[in-house]
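Visitor: The Zn(2+) 1 binding site feature in Swiss-Prot is assigned to 152, 155, 208, 211; the stated evidence is sequence analysis. According to Swiss-Prot, the Zn(2+) 2 binding site annotation covers 168, 171, 194, 197, on the basis of sequence analysis. Sequence annotations record features per position, and here Swiss-Prot assigns domain 'J' to 4-70. Feature annotation from Swiss-Prot assigns repeat 'CXXCXGXG motif' to 152-159, 168-175, 194-201, 208-215. Swiss-Prot lists 139-220 with the feature zinc finger.
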């Protein structure tokens, strides 16, 4: 049967976020399990119920789904709430401060939200790799050398000789250490990761001699990374299983590409822009001139009357698309060179040209 979260908190279905929070705080203080030592089981169940209602109604998206369907999926395809689903421990901590006057948890919460899991440790590694635009154009292979922590091959990451582990004598397998303050039902508990086992709950019966019980050894890696054709700046290449190792797990290495600027070419997405100089005669009369980018040669057709700054496109001669289908275009921007020194004959011809210009609206009509 679906739960009526509004009824549980005692609020109207149109209640504001502030009304919902206020109702939860009042009920949480009323039903805190440490205040009901003679009926703790009922108090714990009631406290969990109002916390479930608050988790749903205080979240706009969860509340919207609940209002439409009458239930909320807390993960795993089911609607059963547990404390792993609760995301408002800071609100409960504020309530604890009001009740007990200190920033402490409770026996009731000693197992929720406090244990640090090694699963949350980021074991991935990241490194930048500089490549040229030409290398990005053709694709290439690059060697990378680096140092990392790898799983000890002798103990397989357990840190124990022959892989034999025993229950931690300090935390008795919980991975936690608790400090209790106060007496009776005003007990206040802080929970920390066990210093002996590091939160694992088990320790080596005898330390592995190769890694001295750490489960990892330092190794120097020398690997080859394949750079794909058409690689882009900031592209991340994942090398599986070459990250840091800890607690029997290993992360990945991410190689982040940095493409250096080319002195002749500018990349615009998958197009390439090339500045090409031509002389006055080629611009005026038109011409066919050879051009080259990297190892690729093309014939550039200059139309008659080409102006400075005109862009001529060679379709499909740009960067290869990263997905492997087709390429961008090569854009050739024309720069018309004006000679700084002229022979007498050249001067005479230019004067004749200007004489023609005086009788026409433009040089070329």
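The backbone N, Cα and C atoms fix where each Cβ goes, and this holds for glycine too.
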Visitor: Provide the three-state DSSP residue tally for the domain 'J' (4-70): helix first, then strand, then coil.
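Guide: Split by secondary structure, the domain 'J' (4-70) comes out as 53 helix, 0 strand, 14 coil.
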Visitor: Looking at the binding-site residues listed here (168, 171, 194, 197), whose Cα lies nearest to that of residue 152 (Zn(2+) 1 binding site)?
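Guide: Minimum Cα distance from residue 152 (Zn(2+) 1 binding site) across 168, 171, 194, 197 lands on 197.
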Visitor: Given the Zn(2+) 2 site residues 168, 171, 194, 197, which other residues of that chain have a Cβ within 8 Å of the mean position of their Cβ atoms, reported in sequence order?
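Guide: Neighbours found: 169, 170, 172, 173, 174, 175, 176, 177, 195, 196, 198, 199, 200, 201, 202, 203.
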Visitor: Could you check which of these binding-site residues, 168, 171, 194, 197, sit within 10 Å of residue 155 (Zn(2+) 1 binding site), going Cα to Cα?
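Guide: Of 168, 171, 194, 197, within range: none.
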Visitor: With the repeat 'CXXCXGXG motif' (152-159) as the reference, which stretch in 168-175, 194-201, 208-215 has the largest tally of C-beta pairs below 8 Å?
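Guide: Stretch with maximum Cβ contacts: 208-215.
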Visitor: So which other residues, same chain and not among 152, 155, 208, 211, have a Cβ within 8 Å of the centroid of the Cβ atoms at the Zn(2+) 1 site?
Guide: 153, 154, 156, 157, 158, 159, 160, 161, 207, 209, 210, 212, 213, 214, 215, 216, 217
Visitor: Could you pull out which residues elsewhere in the chain have a CB under 8 Å from any CB of the repeat 'CXXCXGXG motif' (208-215), counting only those six or more residues past its ends?
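Guide: Sequence-distant neighbours of the repeat 'CXXCXGXG motif' (208-215): 151-155, 157-161, 245-248.
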Visitor: Spatially, and counting Cα to Cα, which of the binding-site residues is closest to residue 211 (Zn(2+) 1 binding site)? Options: 168, 171, 194, 197.
Guide: 197
Visitor: Just give the helix, strand and coil counts over the repeat 'CXXCXGXG motif' (152-159), going by DSSP.
Guide: 0 helix, 0 strand, 8 coil
Visitor: On the 0 to 100 scale, where does the mean pLDDT of the repeat 'CXXCXGXG motif' (152-159) fall?
Guide: 91
Visitor: By a 10 A CB contact count over all chains shown, which of the binding-site residues listed here is most packed: 155, 171, 211?
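Guide: In terms of Cβ crowding, the pick is 155.
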Visitor: Would you count the other CB atoms within 10 A of the CB of residue 208 (Zn(2+) 1 binding site), including those on all shown protein chains?
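Guide: Around the Cβ of residue 208 (Zn(2+) 1 binding site), 22 other Cβ atoms lie within 10 Å.
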Visitor: How many Å lie between the Cα of residue 171 (Zn(2+) 2 binding site) and the Cα of residue 208 (Zn(2+) 1 binding site)?
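Guide: On Cα coordinates alone, these residues lie 22 Å apart.
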Visitor: Reduced to three states, what secondary structure does DSSP give residue 194 (Zn(2+) 2 binding site)?
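Guide: The three-state answer is coil.
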Visitor: Once the chains shown are all counted, how many other Cβ atoms turn up within 10 Å of the Cβ of residue 197 (Zn(2+) 2 binding site)?
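Guide: For residue 197 (Zn(2+) 2 binding site), the count of other Cβ atoms within 10 Å is 22.
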